[in-house]
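What follows is a short report on a single structure.
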Amino acid sequence: MTTNYIFVTGGVVSSLGKGIAAASLAAILEARGLKVTMMKLDPYINVDPGTMSPTQHGEVFVTEDGAETDLDLGHYERFIRTKMTKRNNFTAGRVYADVLRKERRGDYLGATIQVIPHITNAIKDRVIAGSEGHDVAIVEVGGTVGDIESLPFMEAIRQLAVELGRERAMFMHLTLVPYLAAAGEVKTKPTQHSVKELLSIGIQPDILVCRSDRMIPANERKKIALFCNVQEKAVISMKDVDSIYKIPQLVKSQGLDDLVCARFGINAPEADLSEWEQVIYEEANPTGEVTIGMVGKYIELPDAYKSVNEALKHAGLKNRLNVTIKYVDSQDVETKGVEVLEGLDAILVPGGFGDRGIEGKIRAAQYARENKVPYLGICLGMQVALIEYARNVAGMEGAHSTEFNKDTKYPVVGLITEWVDGEGKVEERTETSDLGGTMRLGSQLCHLEKGTKARELYGNATIHERHRHRYEVNNNLRPQIEKAGLKVSGLSADKKLVEMIENPAHPWFVAAQFHPEFTSTPRDGHPLFAGFVKAAGQNARGEFEK
């Protein structure tokens with residue numbers, strides 16, 4: 001199969017939405033029956049984002065095969081059916097590490113290792129390898145044109161376009177077209193300068209996607225086309241909208257997919273966007289509203305919980321409920337008390353690392369249990385629910401996780417020292433293992449117990465969900481906690497690790513060691529989140545006995 005390539009770059013400022021624009025184009029092409037994949041090339045020197053601060057970089061998205069990747073891959077999977085893998089995201093750090101490893105092995109036969117050709121060749125090889133078997137590969141280069149860090153990537157895609165030829169490669173550039181209220185018009189000069197910068201490194205964009213708070217007027221589109229050397233029909237206006245899921249329709253209405261198909265000589269049927277129309281309809285026509293409290297430690301940057309935020313919205317669509325997320329700093333629960341949790345229709349405690357705010361999360365789980373507020377715990381959110389139950393119901397005073405207190409009398413959560421990964425390989429860890437890339441990662445099989453809420457929600461005896469953790473329930477103390485009434489509703493493939501717990505004495509109290517948010521999509525939702533938001537709606541309507 002011959003693969004065609006669309007290279008996506010950004011200019012003027014960062015955070016323009018390259019990932020959303022690229023994913024929207026991918027969704028339209030997929031709706032035309034094409035097999036589409038996407039890639040994100042990140043210019044930073046970290047080998048992967050696994051150890052980067054969520055408040056700087058946003059969430060780490062985990063793929064089925066266990067890669068810790070950029071959050072844009074989450075957008076990709078929410079917009080298209082293709083599942084991302086470790087091949088779909090790589091960093092400058094990863095490329096340099098590979099090249100240096102080969103140099104140490106002697107693979108380059110004594111050559112002087114340089115950015116060109118060794119680094120650029122390594123980038124090109126990874127792009128080609130990661131796109132095999134698809135009609136179209138959309139490759140997003142992180143950062144902004146002009147950044148020093150992105151230059152090797154820009155040079156690599158320039159070379160690739162030359163090698164592939166115009167019939168198999170094209171460039172799509174995102175820019176900002178700001179509106180100046182004082183002048184009463186949009187300004188095209190930043191776009192012109194951005195394209196000039198791109199031209200200086202040998203790349204002529206074929207399509208310009210212009211971000212603005214309004215549609216770009218026809219005269220300005222003509223001006224941009226003239227000065228940036230692109231066709232007028234290739235100047236696409238991407239105005240601000242109230243939902244990212246409206247972007248596919250917006251850019252399709254301007255013929256973006258037709259430009260791509262014409263360039264590549266692809267004869268494909270018109271895009272069927274009926275599924276996206278249904279999503280937009282559900283979003284615009286809720287029948288009720290719920291407020292869900294997310295108790296976390298990274299709340300100053302909502303992107304730290306991007307997939308959780310989106311999964312809650314998707315669940316709202318499936319229940320025809322408008323979901324308002326109230327972010328609660330877990331440290332506020334510690335200092336101000338549980339009063340900050342009052343008035344919430346449901347409580348969610350997401351994943352996290354470190355002991356800052358941990359007692360606040362434990363108190364949030366206690367508040368939800370005692371006040372019959374629907375509770376969903378994810379990863380650390382499951383562990384704090386277990387710790388709280390052990391302390392306050394099972395009589396295990398001072399119970400804790402060894403992550404936070406190595407000397408606790410009741411270490412109900414401890415480091416996983418051995419497990420079987422998704423490929424059947426035995427993994428081992430110790431307290432002195434590196435932090436990067438050493439967690440239990442990727443999609444794992446989970447057995448669901450009969451007669452549990454988890455089994456009812458999923459409708460299956462076995463499921464596959466993605467993991468990212470290094471601590472687990474201590475099986476030595478499990479019997480005492482279960483005897484006190486907490487139900488273990490999900491177990492790992494070898495039935496040695498606890499994957500889900502629930503409280504049968506509570507209307508809706510479910511927690512999972514895995515990350516269900518990574519597999520939620522706007523078109524399909526996710527059963528765990530759908531059940532949680534449904535319970536929030538029931539609680540809001542006063543249907544739960546308190």
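Keep in mind that glycine also has a Cβ here, set from the backbone N, Cα and C atoms.
Annotated active site, nucleophile per Swiss-Prot: Cys379, in sequence order, evidence recorded as sequence analysis. The Cβ neighbour count for Cys379 (active site, nucleophile), using a 10 Å radius and every protein chain shown, is 23.
Annotation source Swiss-Prot lists active site at His515 (among others). In sequence order, Val62, Ser307, Gly351, Ile378, Cys379, Glu465, Arg466, His467, Arg468 are the residues of the chain that are 6 or more apart from His515 (active site) and have a CB within less than 8 Å of its CB.
Per Swiss-Prot, active site is recorded for Glu517 (among others). Other Cβ atoms within 10 Å of the Cβ of Glu517 (active site), summed over all protein chains shown, number 29.
Taken from Swiss-Prot, the feature CTP binding site applies to Ser14, Asp147, Ile148, Glu149, Lys187, Thr188, Lys189, Pro190, Thr191, Gln192, Lys223. Taking the Cβ of Ile148 (CTP binding site) as reference, no residue of its chain lies under 8 Å away while being at least six apart in sequence.
Long-range Cβ contacts of Gly17 (ATP binding site) within its own chain (separation 6+, distance under 8 Å): Leu174, Arg211, Met238, Ile244. In the three-state DSSP reading, Gly17 (ATP binding site) counts as coil. Feature annotation from Swiss-Prot assigns ATP binding site to Ser15, Leu16, Gly17, Lys18, Gly19, Ile20, Asp72, Lys239, Asp240, Val241; the stated evidence is sequence analysis.
Per Swiss-Prot, the feature region 'Amidoligase domain' maps to 1-266; the stated evidence is sequence analysis.
The number of other Cβ atoms within 10 Å of the Cβ belonging to Ser14 (CTP binding site), over all protein chains shown, comes to 11.
In terms of C-alpha distance, the listed binding-site residues Ser15, Asp72, Lys187, Lys189, Asp240 place Asp72 closest to Glu517 (active site). For the region 'Amidoligase domain' (1-266), the model gives a mean pLDDT of 95. Ranked by how many other Cβ atoms sit within 10 Å of their Cβ, the binding-site residues Lys187, Lys189, Lys223 place Lys189 at the bottom. Comparing local CB density within 10 A for the binding-site residues Asp72, Thr191, Asp240, the maximum falls on Thr191. Each of the binding-site residues Ser15, Gly19 was scored by how many other Cβ atoms lie within 10 Å of its Cβ, and the smallest score goes to Ser15. When the binding-site residues Lys189, Thr191, Lys223 are compared by Cα distance to Ser15 (ATP binding site), the shortest distance belongs to Thr191.
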